[in-house]
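As written in TrEMBL, here are the features:
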| type | residues | note |
| --- | --- | --- |
| DOMAIN | 3-167 | domain 'EngA-type G' |
| BINDING | 9-16, 56-60, 119-122 | GTP 1 binding site |
| DOMAIN | 178-353 | domain 'EngA-type G' |
| BINDING | 184-191, 231-235, 296-299 | GTP 2 binding site |
Amino acid sequence: MNSIVAIVGRPNVGKSTFFNRLVQRREAIVDSVSGVTRDRHYGKSDWNGKEFSVIDTGGYVVGSDDIFEGEIRKQVQLAIDEADIIIFVVDVEQGITPMDSEVAKLLRKVKKPVFTAVNKVDNAMRAADAVEFYNLGLGDYHTISSINGSGTGEILDAITDAMPEPEVEEESEKEDLPRFAVVGRPNAGKSSFINALIGEDRNIVTDIAGTTRDSIDTKYNRFGFDFNLVDTAGIRKKSKVKEDLEFYSVMRAVRTIEYSDVVILMVDATRGFENQDQNIFWLAEKNRKGVVVLINKWDLVEKETNTLRDFEAEIKRQIAPFTDVPVVFISVLNKQRIFKAIETAVEVFENRKRRIATSKFNETMLEVIKNNPPPATKGKFVKIKYCMQLPTKTPQFAFFCNLPQYVRDPYKRYVENQLRLHYDFTGVPITIYFRQK
Ligand code: GDP
Ligand code: GDP
C-alpha cells in the first residue's frame, strides 16, 4: 500500500513548485502519451524504491479572501485526517507568519510523521535565517529550494524513511479474491449498485478489516462470483470537516483506488462522461488498476439506432490513448446487466494477472516487429532482439534493443496495440519499456 503525502501551508510559500518538483518526471511521461494535462494537484512519485502519492492541498483552495483562512485550516485538518505523511511548507523570505503559527499548532498534536520544509533557501545565507522556524515547535526542519532543487533529496530521504517497506511482490500469499472499488460522481448510482449486489439475501460471507486501518474489505458471493468490495466510506465518519471539498473527494478516491485491483467507474448516462470521471479514470490508470466503465441509468436515455455506439465512441475519445476498456451499459433500477457488470470486472481482474511465457511472447512479438520495424532515425536502425513480460504484479513488458532512445511514442503505441491484439489485456493498463541490450 503506497503512502499518501499531503503538502500543506499557506499560499505563496512554494507548495506547488515543490509538488511539481516531486511529480515532474512521471507527470511528463503521462502528458506525452495522452497529450492532455489533467489534475495538476495529485501525482505519483518515487524515491529510494518507494512509490507514493502526493497531494498539493493548496491547489484545492477556493473562495474569496475572507474565507481563505478558514479554508486553509480545513485543508490542513483534512490532510491530518486522511494523509499518511504531512509536509508543512513555510517560506524563509517571509519568516513565521501568524497563519504559519496556527497551522503549526494543529500539526503539533498530530501522531503521523510531519516534516517542516523551510522553502526558498536558495543560498547558504538563507540557511542561517531558517533557524527561526524552530519556534514553530515542530522540532527539526529541512531547508529546501524548490526552485533550484537543493535540499529536496535530503527531505525525500527522510520522508521515505518514514514510510513502510514496499510490499514484497508475492503472488499467492493472500487469498486471491478480486478487490473491486465502485467509484464515481455523487448520484451516479454507486450505492444503488452496491445494494443490488448485496441483494435482499445479504449474502455477505465475512467482514474483515483491511490490511491498513482505514480500509474495509467485505467479501461477497454474488452471481457465482467471490469478490471483495473495497469500502473506505468509514473514514468519512471520522473526519471532522464536511466533505464538500474537491480535495476531500480526491483523497477518498485515491485511497479507494489504491486498495483495489479493479476500479468500477460508475457514470450517470444522463450527464455523460464528465471531467471528474476523466480524473478518476486517470487515477486508476496511473495506479495501474484494472478499469470497467459502467454507464448507469441507461433506462433514462432515449435511444435511437446509434445512441449506444456514439456514447461509447465519445467515452473512448475522452479516455484515449488507453481505450482498450470495457464499457457496460446498465440500469441498476431495472437490474439490467448487473451480472454482466460483475462478470466483466472479474474478467478484467483475470486479465491483469495474465502472464505470458517468454518463448511464446518472443515468437509472437518479434514476428510483429519484423513485419513493421521501427523507422530509421538519422540513418540508424533500431534492432529489437528479445522481449519479455517483467515479473511485476501488473503487466509490464521489456523490449531489448540496441538504440532504445530512438524508439518514439507512435511506435511504442503500435507495439502496445499489437500486444493487445494478440493477448487479452482488456481493461488493464500495460507499460512497455525499451531497454538497452
Ligand atoms: P503556493 O501558493 O504555496 O503553491 O506557492 P507557489 O509554488 O505558487 O510559489 C509562490 C512563489 O514563490 C512563486 O513565485 C514561486 O516561483 C516562488 N518560489 C517557490 N519556490 C521557491 C524557491 O525555492 N525559491 C524562491 N526564491 N522562490 C520560490
Ligand atoms: P450514489 O451517490 O452514486 O451512491 O448514487 P445513488 O445510488 O444514491 O443514486 C442516486 C439516484 O439515482 C437515486 O435516486 C437512485 O434511485 C437513482 N438511480 C440509481 N440507479 C439508477 C438507474 O439505473 N436508473 C434510474 N432511473 N435511476 C437510478
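Each Cβ is built from the backbone N, Cα and C atoms, and glycine gets one as well.
The local packing around Gly9 (GTP 1 binding site), expressed as other Cβ atoms within 10 Å of its Cβ over all shown chains, amounts to 27. Spatially, by CA atoms, the binding-site residues Gly184, Asn187, Lys190, Trp298 include one closest to Gly9 (GTP 1 binding site), and that is Gly184.
Only Asn12, Lys15, of the binding-site residues Asn12, Lys15, Thr57, Val121, Lys190, Trp298, place a Cβ under 6 Å from an atom of ligand 1. When the alpha carbons of Gly184 (GTP 2 binding site) and Thr57 (GTP 1 binding site) are compared, the span between them is 21 angstrom. In this structure, the binding-site residues Asn12, Asn187 were compared by how many other Cβ atoms lie within 10 Å of their Cβ, and the smallest count belongs to Asn12. Under the three-state DSSP scheme, Gly184 (GTP 2 binding site) falls in the strand class. Comparing local CB density within 10 A for the binding-site residues Lys15, Lys190, the maximum falls on Lys15.
In this structure, none of the binding-site residues from Gly9, Asn12, Lys15, Thr57, Val121, Trp298 has a C-beta falling under 6 Å of any atom of ligand 2. Checking Cα-Cα distances from Asn12 (GTP 1 binding site) against the binding-site residues (Asn187, Lys190, Trp298) with a 10 Å cut-off leaves nothing; none qualify. In this structure, the CA atom of Trp298 (GTP 2 binding site) is 36 Å away from the CA atom of Thr57 (GTP 1 binding site). Here the binding-site residues are Thr57, Val121, Gly184, Trp298, and the one ringed by the most other CB atoms within 10 angstroms is Thr57. Annotated pair Val121 (GTP 1 binding site) and Lys190 (GTP 2 binding site), C-alpha to C-alpha distance, rounded: 47 Å.
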